[in-house]
């Protein structure tokens with residue numbers, strides 16, 4: 001998988017003052033300090049004056065960002081001695097080191113249930129006047145996807161700016177791109193510069209010190225969420241047709257927090273959250289997060305903290321689930337106030353086939369658009385036969401040119417960008433490449449705009465080709481078949497999509513849902529070619545990418561449509577509508593399967609299901625959440641008052657006698673967690689409340705599909721709503737025999753609980769597991 005969903009890792013950055021050959025320069029690190037803002041002495045007119053005073057720092061210039069909206073505090077570059085001093089200040093509640101993150105990297109609007117002139121598109125006026133903030137690599141504003149033709153005036157509530165920078169002027173904003181900002185102080189500080197004036201690590205030959213996109217990722221995600229209708233769209237002839245975002249009339253506010261080949265820093269991301277909420281966005285789309293199944297506690301995770309500050313002010317936050325699937329517990333962005341989106345396929349593909357000399361035809365995919373091999377067969381070679389790992393992976397300088405010249409080379413996937421392997425083959429004199437999945441990726445494939453004739457094949461097909469090549473007489477050719485629609489089955493869960501269970505709090509099911517994230521066509525930058533490689537000089541208005549980075553903006557656009565249609569709905573109500581109407585079957589009305597194995601999937605793979613906007617407009621009932629509900633949840637997982645204040649900005653009073661239960665958070669999915677140490681008959685009672693947003697006089701009856709080996713009862717079994725009764729609670733009683741219940745390969749059993757009234761089916765996944773939280 002190309003590195004489009006970010007792996008979180010601790011960054012120990014050291015940088016020095018610009019002095020002449022110091023014998024032992026003082027080490028600096030960037031930290032984010034959470035401050036109790038209410039303790040500011042009255043002598044200081046603002047928090048900025050307080051933070052830059054000698055109480056906190058001897059060098060005011062070391063402060064990078066001041067946070068005052070979603071978070072209270074500041075980030076600064078400090079020496080170890082300064083850090084010790086600041087962190088011991090009585091008003092400092094917490095501190096954490098700035099960390100680097102990297103990005104999680106048409107027909108899809110129709111595929112999720114949107115049709116012209118009917119349903120959610122027409123009822124929401126295509127998202128008009130809803131403002132979507134995109135945290136990413138910026139935007140290429142000249143693309144047709146960002147035209148403001150026939151859009152009304154900028155919403156009066158908008159308070160943002162169009163920040164001028166390199167090759168980005170106020171004229172680059174319009175009634176579509178209504179604002180743009182960029183954030184790089186944390187990035188440059190961590191990269192070795194002492195403030196912007198010292199240059200840092202921004203490479204001005206390939207980057208723009210502005211909101212202009214040098215990478216392409218941000219342009220792609222922005223147009224996926226809210227791109228306008230563009231006719232005659234394609235990527236080198238592939239996926240030709242009309243390109244459009246999920247909310248074509250929504251307004252875009254761009255927050256550039258990620259930099260080409262350099263990642264994104266927490267201190268800058270947190271500053272973007274602060275700015276976006278102040279500016280007046282309605283939705284935040286952030287295809288950035290952790291990886292490797294490692295997640296920080298919420299109070300040490302600036303994305304979770306920033307997202308809470310946004311959601312608590314009515315802003316919906318959508319984020320990507322990560323690209324570390326199909327491994328279990330690989331989902332990231334776990335906070336319950338974030339909507340976490342995994343990836344599924346759509347019913348469009350770009351097939352290619354490898355034809356072997358013995359006549360066998362093996363299926364693959366490719367977006368290669370150059371001169372074809374034209375059916376001529378060439379000798380096959382698998383460099384990995386030598387047993388040298390770098391050769392099997394076709395790494396730089398790892399191929400023997402005398403052995404490879406004039407042949408089609410089989411390369412294993414991994415360690416380097418897929419398209420870069422083709423360049424290595426080309427440099428060594430190879431005429432084509434077959435890129436083979438390993439066991440981990442299984443049969444999951446994504447198309448790439450290769451620079452030489454090449455296609456990707458699954459693990460099984462790769463093994464067959466390698467065995468044939470090992471005979472020493474193997475030949476092959478590659479045929480490219482363009483764009484094919486109507487692929488079945490679809491959707492399937494993408495092999496790379498981050499999977500559950502939730503490694504932080506398994507009582508909260510993550511991901512929340514999946515959306516289209518494989519081979520998605522959207523707008524692209526002019527700064528780089530479709531592969532993103534420096535050596536790729538091709539220009540394209542659109543590109544085709546895969547990743548949970550692509551699925552996240554689908555849900556961001558969906559939230560914009562729902563916010564436009566229901567401006568009084570909270571972020572939690574919008575999330576509930578999307579989740580309880582999601583589909584668990586494919587377009588052939590069969591259970592969704594896993595791309596990597598072809599086997600059946602579970603809510604650990606797809607959450608509540610696949611985005612289905614035909615139904616989300618009118619969900620019938622919603623599970624709503626307040627700030628008090630989230631505080632109660634944080635109390636239930638053992639956070640103390642000051643720890644909670646780091647996240648919520650306000651002191652919390654957790655009940656001393658009756659501790660809340662995490663499973664009782666009023667979430668649209670339901671998980672019952674039992675300890676592994678207990679045997680015999682085990683029981684648990686959970687509570688939920690629903691609000692009627694449909695017909696006033698409605699009667700709903702419960703329908704339970706109990707997990708295998710589990711007894712589930714619900715009381716009351718009927719919910720009667722009226723003009724005076726808009727909200728009702730119900731109890732879910734779960735009983736298992738801890739001695740005999742079989743939890744299966746995933747460590748859990750799955751079912752569902754639905755409320756039905758003849759018109760609506762308000763469905764919640766039901767997960768029962770025996771697991772001891774970390």
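Backbone N, Cα and C atoms are what each Cβ position is placed from, and that goes for glycine too.
A TrEMBL annotation is a machine prediction, not a hand-curated record.
Taken from TrEMBL, the feature active site, charge relay system applies to 136 (among others). Around the Cβ of residue 136 (active site, charge relay system), the same chain contributes 103, 213, 217, 218, 221, 222, 254, 255, 256, 257, 258, 285, 286, 287, 288, each under 8 angstroms and 6 or more positions distant in sequence.
Summarising the environment of residue 217 (active site, charge relay system), the number of other Cβ atoms within 10 Å of its Cβ, over all protein chains shown, is 29. Marked as active site, charge relay system by TrEMBL: 217 (among others).
Per TrEMBL, active site, charge relay system is recorded for 549 (among others).
Helix first, then strand, then coil: DSSP counts for the domain 'Inhibitor I9' (30-104) stand at 19 helix, 27 strand, 29 coil. The feature domain 'Inhibitor I9' is assigned by TrEMBL to 30-104.
Sequence annotations record features per position, and here TrEMBL assigns domain 'Peptidase S8/S53' to 127-599.
Summarising the annotation, TrEMBL assigns domain 'PA' to 377-465.
Under the heading domain 'Subtilisin-like protease fibronectin type-III', TrEMBL lists 664-768.
Among the features that TrEMBL reports, signal peptide is placed at 1-20.
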- Message: Just to be sure I understand, if DSSP states are collapsed into helix, strand and coil, how many residues of the domain 'Subtilisin-like protease fibronectin type-III' (664-768) fall in each?
- Response: 1 helix, 61 strand, 43 coil
- Item | DSSP helix/strand/coil residue counts for the domain 'PA' (377-465) | 29 helix, 20 strand, 40 coil
- Message: So if I draw a 10 Å sphere around the Cβ of residue 549 (active site, charge relay system), how many other Cβ atoms end up inside it?
- Response: 34
